[in-house]
Amino acid sequence: MENNETSVDSKSIKNFEVKTIHGSKSMDSGIYLDSSYKMDYPEMGVCIIINNKNFHKSTGMTPRSGTDVDAAKLRETFMALKYEVRNKNDLTREEIVELMKNASKEDHSKRSSFVCVILSHGDEGVIFGTDGPIDLKKLTSYFRGDYCRSLIGKPKLFIIQACRGTELDCGIETDSGTEDDMTCQKIPVEADFLYAYSTAPGYYSWRNPKDGSWFIQSLCSMLKLYAHKLEFMHILTRVNRKVATEFESFSLDSTFHAKKQIPCIVSMLTKELYFYH
């Protein structure tokens, strides 16, 4: 007879098996039977916008002209969605860590979700404080289920406008042409996160000094149009298409001229997310 127990796919763990456990639902933790997140708490939640424009001379990094346009548009967009928006400018690594720690220690029990937007220089896996790099995973770890209990089972959205490497995308020409009746009380600590990156791993992310970044401006535009009627992943797909098809870099340096960009969405959300209820 075939063994129906589930096993761990890891070469470092041998002969280790775990049983599939069906538990009861937890109403206190924000985990519900519905297929969409509960978004009718008394508050939508906090939206922190970290806007790093000017960097210490020691880093050798240039000012991020146009980022204030992004920060202002984000504030307007998320305030319209009823979030408590907190704008923070030119933070060092230590200040960013403290900000994230303190935010994770707040009582989010009456809030539906959490949003953090980071506008800065970056590289793969890191973003820059004004004085140097910091691992993105370190910042997001403070909001894991085992550290931030009041956000368990609630969507935690991290929106990152930053480069993820130095590759350039030249583009390519194209041809024209039933509800579950049980919910487990125990959920993974990494569940219910979504990371919306402005670009794919390894690539540059583009920003216009006058109009702001392609990604953030497209995100705000699509949220304004569709936040009241579409699920968030569907909105992000439209953001991807807008950035991919409507933008192309212009530079007197041929190396950087006529380049493209595609945002990258990494979702560990366990339900559909609607900003309306």
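Glycine is no exception: its Cβ is also placed from the backbone N, Cα and C atoms.
According to Swiss-Prot, the protein carries these features:
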ACT_SITE  H121  active site
ACT_SITE  C163  active site
MOD_RES   M1  N-acetylmethionine
MOD_RES   K11  N6-acetyllysine
MOD_RES   S26  phosphoserine
MOD_RES   C163  S-nitrosocysteine
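Rounded to a whole number, the distance between the Cα atoms of H121 (active site) and C163 (active site) is 6 Å. Every protein chain considered, the tally of other Cβ atoms within 10 Å of the Cβ of C163 (active site) stands at 21.
All protein chains shown were included, and the count of other CB atoms within 10 Å of the CB of H121 (active site) stands at 19.
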